[in-house]
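Per TrEMBL, domain 'Tr-type G' is recorded for 61-245. As annotated by TrEMBL, GTP binding site applies to 70-77, 142-146, 192-195.
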Amino acid sequence: MAGAAALRRSARRISRHLAAASSFSRSALQQPERLLSSQASPEHGARGAVSGSELALYPPERVRNFSIIAHVDHGKSTLADRLLELTGTIQKGHGQPQYLDKLQVERERGITVKAQTATMFYRHTTASQDSDAPRYLLNLIDTPGHVDFSYEVSSLPGCLLVVDAAQGVQAQTIANFYLAFESNLSIIPVINKIDQPTADPDNVKEQLKRLFDIDPSEALLTSAKTGKGLEQVLPAVIDRIPSPPGKCDSPVRMLLLDSYYDEYKGVICHVAVVDGALRKGDKIASAATGRAYEVLDVGIMHPELTPTGVLYTGQVGYVISGMRSTKEARIGDTLHQAKSTVEPLPGFKPAKHMVFSGLYPADGSDFEALSHAIEKLTCNDASVSVTKETSNALGMGFRCGFLGLLHMDVFHQRLEQEYGAQVISTIPTVPYIFEYGDGSKIQVENPAALASNPGKRVAACWEPTVIATIIIPSMLVLQRALLKYRLPLKEIIVDFYNELKGITSGYATFDYEDSEYQQSDLVKLDILLNGQPVDAMATIVHNQKAQRVGKELVEKLKKFIERQMFEITIQAAIGSKIIARETLSAMRKNVLAKCYGGDITRKKKLLEKQKEGKKRMKRVGSVDIPQEAFHELLKVSNSK
C-alpha cells in the first residue's frame, strides 16, 4: 500500500510539471514577442542567440542605424556602454568599460581607430507604457571620427553628436558636425556630463545655436556616468532618425564599413545591407576589386559574433567570405550579388597616403622580427603602404605611408604594444610634387630619392595643405575664438599641437581636414658627415627656412654624435652649397704617457706620427651614429 501511495504522489508531481510546461508553451506561442526583446531585452542579452526568422520580424521601418560622434574625452564610449546596458545587450557591471573599444590604443587615447557595430533590440514604449508597443532593431555603428580614419558612411541616416557640458564645442566637434551635415545625416545633439560641477549646459546650447544653428530645445541633457537623462536617447533615435532606405526585393547590395583579420576565421567584414537580403551560401562580389566570394557565415554583433544565417534590408552585421587579407576588404566598398551589375554605393575612396616615414629596427639584427610584426599588423590595417628600403645610416627597413599624423602615431604605438617591436622612425614627410624644366613631374615621398641633378632644373613644386580649425579661449570675455587657417601639412606634422597646447596653457583644441596642393618654394636639405650625405636625414623644407633649420640640425647633431679618434665635420647643404657647419674635435690619445724624460725630438716624432695617423683615419674612417641618439635627433629636428 505504501508503495502504491508513493507511486501516486510521483504521478501527481509529473502531471503538475507537464501542465506547467504545457502552459509555458502555450504562452510562448500566444506571445511570440517574448522571443524578441522588451525595452531591456534581457532574453537576448543572456541567451546571446538570434535566429534569422527573428530578424525577419524587423522590416526596414523598424530598423534604425546611427553612430555616435564626439571630440576626444566627451563621453562617447561611456554613452555607448550605457545604451548597450539599457537594451540588455550587455549585462550591467559584467561588461568591460569602453566595451566597443577593442584595441589598447583606443582605450588609452579615448579615440576610435577601428569601426565596431552592435545590434540592440528595443521596445519603444509611450508614456502609457503600452504592452503592445512596437519593437525596434537598433544598430550602433561606432565609427572613427578623426580625419585620419573617417570615411563617408552613406547608409547611416543619423548620428548622436556628443558635446561635453563643461568643455563645450571643440575643434573636432566642428569637424564631425560638418562631416555629418555634408552627408545629410539627421543630427541629435547630446550634451553629456551634466553631473560635473563645472557643467554649463545652457552655454553649450548657445554654442550649438551660434555655430551650427541647432535649436537649443533639440539638445538632450545626459550624464552617461550616472545614467541621468539616458531614457530619452533611444526614443529620440527612433523619432528623429529615419529608417534606412532600401529595396527589399532587389539583388543584395552592401556597404563595407570596416574589417579585421581573425587567425581562425579569416577576414571578418562589418557590413550594412542597403538592398536585398544576404544569406549564408550566397555568392557575392566586390565592386572595387571584382573578386567573387562565397558567404561562409553571416550574422549580427550582439554584442559579439552571433550567427543568424541571414541579414535583411537595412540591417547591419558581419560577413565571413573567405577573404585572406584585409587588402581585399576596402572600407567603403560595395559588396553585391555575384554575376550581377549594380551601381556602387557612394562614398568609396581609395586610401590616400598623406604622411610617409621610414621604420627601422632599433637593433639591426631584429629586421626579420620587425618585418613579421609589420606584416601581422597590416593584416588588420590595410590602409598602410609598406615597401622595403635601405639606409646607409640605419640599414634595412621599410618606407610606410599613412593616412595622416594620428594614423602614423597609432601604427607605431601598436607595433610596440602588441608586438613588442622597438623601432626608429625617420623624419616624417609628405608627398611633394616637383616639375622640371622639360615639363616632367614626379611625386616625392622620400626626400633621399630626390636626386640633385644639375642637368634638370626644377621649375615648380607643390605641397599638400590642410584646413586647420583652432579654438582658443578669449582673454577679454568669457567666450572662445574660432580660427581657421590653411597650413602646409608638413608644418603640423609633429609638435604643432603640443606647442599650441603650451602657448594656450592647454586650453586650445585643434583639428584639420585635407585640402588641395599649393605651389611653394621648396628645397632639399642634406646633412653631410665628413662630406658624405646621410640619406635618412635628408628633408624637404621651405627655402626661407632652410638656413635656420640647417643650422639647428647641425648644432643638435653635434651634441648627439660621440667623439671619435678623428675630427668630424657636420654640414647642412642645399645642392652643392653649404649653409651651416659644425666641427666635432677629435679625441686625443696621450702618446707621450710612456715618455719619461729623454730628448724632445723623440716626443715630436711621436706627435707627428699621431697627426699623420689621424689624417688617414679621417680619410677612410666612417662616423658612428648611435641609433638612440639618432632617434632623439629626429624628434628634435622635426619640430622645426
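Placement of Cβ uses the backbone N, Cα and C atoms for every residue, glycine included.
Curation does not apply to TrEMBL; its annotations are automatic.
Neighbour density for THR143 (GTP binding site): within 10 A of its CB lie 22 other CB atoms from the protein chains shown. Mean pLDDT of the predicted structure over the domain 'Tr-type G' (61-245): 84. For the binding-site residues ALA70, ILE194, the ranking by surrounding Cβ atoms (within 10 Å, all protein chains) places ALA70 first. Neighbour density for LYS76 (GTP binding site): within 10 A of its CB lie 27 other CB atoms from the protein chains shown. Taking the Cβ of ASP73 (GTP binding site) as centre and 10 Å as the limit, one finds 14 other Cβ atoms among all the protein chains shown.
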